[in-house]
Amino acid sequence: MDALGLSKLRHLKPRQLLSQVLNFALILSTAFMLWKGLSVATDSPSPIVVVLSGSMEPAFQRGDLLFLWNRNLELDSPPTPGTRVGEIVVYNVIGKDIPIVHRVVRKHQGPKTPLHLLTKGDNNHADDTELYARGRWYLDREKEVIGSVVGYVPFVGYVTIMLSEHPWMKTALLGIMGLLVIVQRE
């Protein structure tokens with residue numbers, strides 16, 4: 001019991017304990033505000049995603065951390081949601097919560113119709129029409145695309161993959177972090 005520092009927890013005064021709990025809440029709320037600020041700056045509901053499969057190899061490996069941008073990348077032109085063929089986008093299929101990272105292989109847009117995209121994983125043999133919502137042959141750029149990939153950090157996302165595949169690790173990690181914040185004195 002003493003190895004975890006729980007004996008120190010008993011000796012904390014209520015005011016010290018409350019201070020440590022509030023410090024932990026401050027850390028969590030700061031992380032949340034940074035995430036929301038990044039979401040606003042990138043115009044993306046999820047500005048950072050992790051590659052979950054090998055469908056984009058060799059460009060991206062499973063566990064790579066991707067940075068997304070959903071604003072116009074060309075600063076000298078008027079803002080448009082233009083996406084080029086060959087660009088790598090991340091999208092959510094309507095009704096599913098898993099972000100998919102694939103390359104745009106074709107685009108269609110009429111004078112009065114929204115931009116529609118056809119995507120395909122670099123390591124896949126066929127395009128993504130099987131992944132789209134039933135009866136859909138293309139993605140609606142405005143409604144389904146989360147953002148375009150502008151950078152990445154290799155393998156850093158494996159931490160989130162491990163926490164998703166082993167829920168007990170998430171609980172243990174949060175418990176240890178909370179305990180360290182409460183027990184540690186400044």
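Each position is counted from 1, following the chain as shown.
Note: Cβ is positioned from N, Cα and C throughout, glycine not excepted.
As written in Swiss-Prot, here are the features:
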- SER55: active site, charge relay system (ACT_SITE)
- HIS102: active site, charge relay system (ACT_SITE)
- ASP128: active site, charge relay system (ACT_SITE)
- 172-183: region 'C-terminal short (CTS) helix' (REGION)
- 1-20: topological domain 'Cytoplasmic' (TOPO_DOM)
- 42-186: topological domain 'Lumenal' (TOPO_DOM)
- 21-41: transmembrane segment (TRANSMEM)
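Here the features listed in Swiss-Prot are painted onto the structure.
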residue	record	DSSP (3 states)
SER55	active site, charge relay system	coil
HIS102	active site, charge relay system	strand
ASP128	active site, charge relay system	helix
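In the topological domain 'Lumenal' (42-186), the DSSP tally of helix, strand and coil residues is 33 helix, 37 strand, 75 coil. Around the Cβ of SER55 (active site, charge relay system), the number of neighbouring Cβ atoms within 10 Å comes to 20.
Rounded to the nearest whole angstrom, the C-alpha distance between ASP128 (active site, charge relay system) and HIS102 (active site, charge relay system) is 9. Using a 10 Å radius centred on the Cβ of HIS102 (active site, charge relay system) and all shown protein chains, the other Cβ atoms total 23. Of all Cβ atoms in the protein chains displayed, 22 besides its own lie within 10 Å of the Cβ of ASP128 (active site, charge relay system). The average pLDDT computed for the topological domain 'Cytoplasmic' (1-20) is 68. Between SER55 (active site, charge relay system) and HIS102 (active site, charge relay system), the C-alpha separation comes to 8 Å.
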